[in-house]
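What follows is a single structure, written as structure tokens, with notes after it.
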Amino acid sequence: MNPYAHTIIILSLIMGPLLTISSNHWILAWTGLEISTLAIIPLVAKQHHPRATEAATKYFLTQATASTLILFSSIINAWMLGQWDITQMSNNTSCTILTTALAIKLGLAPFHFWLPEVMQGTSTTTALILVTWQKLAPLSLLMMTSQSLNTPLLLMLGLTSTLIGGWNGLNQTQLRKIMAFSSIAHLGWMITILTLSPKLMLFTFYTYIIMTSTMFLMIKLLKTNKISTMMTSWTKLPTMNTLMMLTLMSLAGLPPLTGFMPKWLILQELTKQHMTIMATMMAMLSLLTLFFYLRVSYYATITLPPNSTNYSQQWRHKNNQKPYLALLTTLSISMLPITPTLLTMP
């Protein structure tokens, strides 16, 4: 890719979500979403392969549909109330359309079908951007309009996403698809708590970004995309292999790791709001995601590669780990003791 074009794309990718987050007018927010969408498409299609072209087309069509619905809902709201302020979404029809549009943009179930396919058709780095940075703008819009949104609808979307994310991830063999369904399940937890405690939702999103980024950077460093090739990862970087297992367990939400913290707080908040059945169902559905994280960690750390494989044996790499990966790994597995301090932060 031309370096000038690459620079413009990266700058647009950074500025798009920032424009949406900082705006108070629907047209500006919509413009930021469009800039972000148009900037990521060349990165998705950068690999000259039919799968990459297919992924870029799917991404463009779903995001264009969602952007149209966002514009439509804001126009209805402006028509009824005479103003374009994001925080003043009082029309029920507008709120329902907006919730649907942002669910499509985020990849929440039952609008999740595009996310695993797009992630599978692109590179590991672009897939990381799709499940972290690209979620920032839609989630910020959900936070700004959280007072007006329909809580039962969001609870239904959250429960469905947690179920679909866990259930569909069980039989996957491609790591990027597994991480896509992991993202859907985590977004389900965030959307469930959105109207009850927006601050807790933001806290969950931050921990999700740290853990997911760590996992993707490890996958990239190991140069592996499938579970079957994870079997030889212990010969490449044994220490990082152990840390990968801990990161996976943190994503699953096992104590005493970082990932346990947001799930515990969300279940506590649901119980405080007398939603005991909802809390029980969410806790039970988290066992589905735990299973496929255990499956990946089992393949990576416990099994030995069979002799009948048709891929070349990959031996230990040069010691070229990045310093930021060490920091992210530390944050991914050891933030639980400082939870009270983190919760008191503004």
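The backbone N, Cα and C atoms fix where each Cβ goes, glycine too.
Per TrEMBL, the features are:
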- 23-289: domain 'NADH:quinone oxidoreductase/Mrp antiporter transmembrane' (DOMAIN)
- 290-342: domain 'NADH dehydrogenase subunit 2 C-terminal' (DOMAIN)
- 57-76: transmembrane segment (TRANSMEM)
- 96-115: transmembrane segment (TRANSMEM)
- 152-171: transmembrane segment (TRANSMEM)
- 178-197: transmembrane segment (TRANSMEM)
- 203-222: transmembrane segment (TRANSMEM)
- 243-262: transmembrane segment (TRANSMEM)
- 274-294: transmembrane segment (TRANSMEM)
- 324-343: transmembrane segment (TRANSMEM)
The transmembrane segment (274-294): which same-chain residues, six or more beyond its ends, come within Cβ distance under 8 Å? 155, 158-159, 162-163, 165-167, 169-170, 172, 178, 181-182, 185, 189, 192, 248-249, 251-254, 263, 266-267
How about long-range neighbours of the transmembrane segment (178-197): same chain, 6 or more residues beyond its ends, C-beta under 8 Å? 103, 106-109, 112, 115-116, 119-120, 127, 131, 135, 139, 142-143, 146-147, 149, 151, 154-155, 157-166, 168-169, 172, 204-205, 208, 212, 215-216, 219, 227, 251, 262-263, 266, 269-270, 273, 278, 282, 285-286, 288-289, 292-293, 296
In this predicted model, the domain 'NADH dehydrogenase subunit 2 C-terminal' (290-342) has a mean pLDDT of 75
